[in-house]
Amino acid sequence: MQLTPLHIQGGRELRGEIAVQGSKNAALPIIVASLLSSEKVTLHGIPRLSDVYTILDLVHHIGTQHQWVGPNSLELHTPSIVNTDAPYALVNKMRASFVVLGAILARAGQARVSMPGGCAWGPRPVDQHVKALRALGAEISEEGGNFHARRQGSLNGTFVFELLTVGGTHNAVLAAVLGDGVVTLENASIDTDVVDLIEFLNSLGADIQGAGTNTLVIRGVQQLRGGEYTVIPDRIEAGTFMMLAAATRSQLTVRNVRPDHLRAVSAKLQEMGVDILEAGNSLIVDARQRELRPVNVTTQSYPGFPTDVQPQMSALLATVPGTSVVQDPVYPDRLTHVAELHRMGANITVSGYTQVIQGSALHAAPVKAADLRAGAALFIAGLTCTGETVIDGVQYLNRGYENLAERLCGIGATAQQTELAVAMD
């Protein structure tokens with residue numbers, strides 16, 4: 001099937017409730033982590049996204065049997081590792097696939113994994129992944145774009161990450177779980193997705209201490225049992241919907257959230273003049289009849305303002321009168337949304353990783369998403385404009401937002417995306 005562009009009729013106030021899916025960024029490494037157990041694992045809250053199907057293809061190649069046992073529930077079973085390689089054809093679509101290196105190495109003692117792919121907005125190196133595994137005793141070589149890893153016995157020792165890295169922490173944790181060694185990771189990521197991975201592994205019998213701190217101690221165990229686990233809500237999707245409410249000057253109830261995971265986003269929106277009320281696992285976001293204020297935003301590692309909602313915040317600020325400044329030192333090249341927002345009338349000047357935004361009303365236009373979060377920025381911008389905005393590149397949106405058009409319609413938007421059958425020769 002081939003997807004048509006997303007058609008949005010904007011300029012309407014939105015209303016009602018929208019539920020957040022399980023976290024894609026938590027689900028992907030947890031699916032990979034299921035490789036470490038020979039017993040059945042059932043996961044709940046798994047979003048049906050293209051990235052999830054990509055990682056399922058990868059673990060299936062390695063030896064996992066899987067089936068959907070509910071709308072967002074997935075059963076995984078890896079009795080044995082049948083392939084210790086992760087070829088380019090399976091990993092080139094998504095950077096998160098590189099964490100299979102640590103998982104295969106732990107379960108099988110050796111692995112060959114190609115360099116990863118993903119959104120094409122600049123370099124995101126994996127050097128910290130490789131340095132960590134080498135420091136802990138793995139032998140790793142690189143040849144022809146492939147990493148070959150081998151271990152003799154259990155991983156052991158201490159590694160200090162040179163910078164905070166979510167994926168690097170994932171890989172080192174996965175590699176160290178099985179065996180009889182003791183691994184200490186310093187300057188480890190405290191990101192919510194890392195904590196969720198650790199809590200999942202511990203629920204299967206792993207011995208990992210320090211989740212949510214910068215020091216992790218992993219004591220190897222001989223095997224992991226099966227189990228059942230629910231992934232955390234997607235804080236990036238939640239933040240996107242919060243910004244959507246603000247941009248359209250609407251009131252939305254965003255359900256199935258962890259408010260404690262969204263403190264930085266909530267604080268910045270409140271600084272702009274948006275009312276946010278916590279109600280259990282929901283946030284009521286109210287920007288009706290408000291004169292929003294420009295703000296300055298700088299991305300940081302968690303618990304700071306997340307880079308994954310930087311483009312969405314830029315789209316919101318493009319509608320707010322006055323001068324705002326957005327800086328993204330975490331991923332300086334995450335700027336593909338800017339040229340497309342220009343097509344909609346946005347006044348954004350870029351210097352390095354800094355955007356200076358002069359806010360004003362936007363207008364509908366045909367635009368194209370070049371990556372996932374740029375696509376989110378464009379649908380936010382499109383919903384602020386009177387008239388029809390047509391967003392091409394919807395395959396990127398489908399990497400992070402399940403049934404987007406249907407869910408937008410549920411809160412009062414007019415949005416349409418269809419599938420076309422493609423004739424095969």
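Backbone N, Cα and C define each Cβ position, glycine as well.
Swiss-Prot lists LYS24, ASN25 with the feature phosphoenolpyruvate binding site. A helical conformation is recorded for LYS24 (phosphoenolpyruvate binding site) in the three-state DSSP classification.
In sequence order, no residues are near PRO125 (UDP-N-acetyl-alpha-D-glucosamine binding site), counting only same-chain partners six or more apart with C-beta under 8 A. What Swiss-Prot lists as UDP-N-acetyl-alpha-D-glucosamine binding site is ARG95, ARG124, PRO125, VAL126, ASP127, GLN128, ASP308, VAL330.
Look at Swiss-Prot and you will find CYS119 tagged as active site, proton donor.
What Swiss-Prot lists as 2-(S-cysteinyl)pyruvic acid O-phosphothioketal is CYS119, and the listing cites sequence analysis.
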By the count of other Cβ atoms within 10 Å, pick out the sparsest of the binding-site residues ASP127, ASP308. ASP127
Have a look around LYS24 (phosphoenolpyruvate binding site) and count the other CB atoms within 10 A of its CB, chains all included. 25
List every residue in the same chain as VAL126 (UDP-N-acetyl-alpha-D-glucosamine binding site), at least 6 positions away in sequence, whose Cβ is under 8 Å from its Cβ. PHE98, MET115, PRO116, GLY167, GLY168
Including all protein chains displayed, how many Cβ atoms other than that of ASN25 (phosphoenolpyruvate binding site) lie within 10 Å of its Cβ? 25
State the count of C-beta atoms found within 10 angstroms of the C-beta of GLN128 (UDP-N-acetyl-alpha-D-glucosamine binding site), not counting that atom itself. 20
Between the Cα atoms of VAL330 (UDP-N-acetyl-alpha-D-glucosamine binding site) and LYS24 (phosphoenolpyruvate binding site), what distance do you get, rounded to the nearest Å? 20
Counting across all protein chains shown, how many other Cβ atoms sit within 10 Å of the Cβ of VAL330 (UDP-N-acetyl-alpha-D-glucosamine binding site)? 18
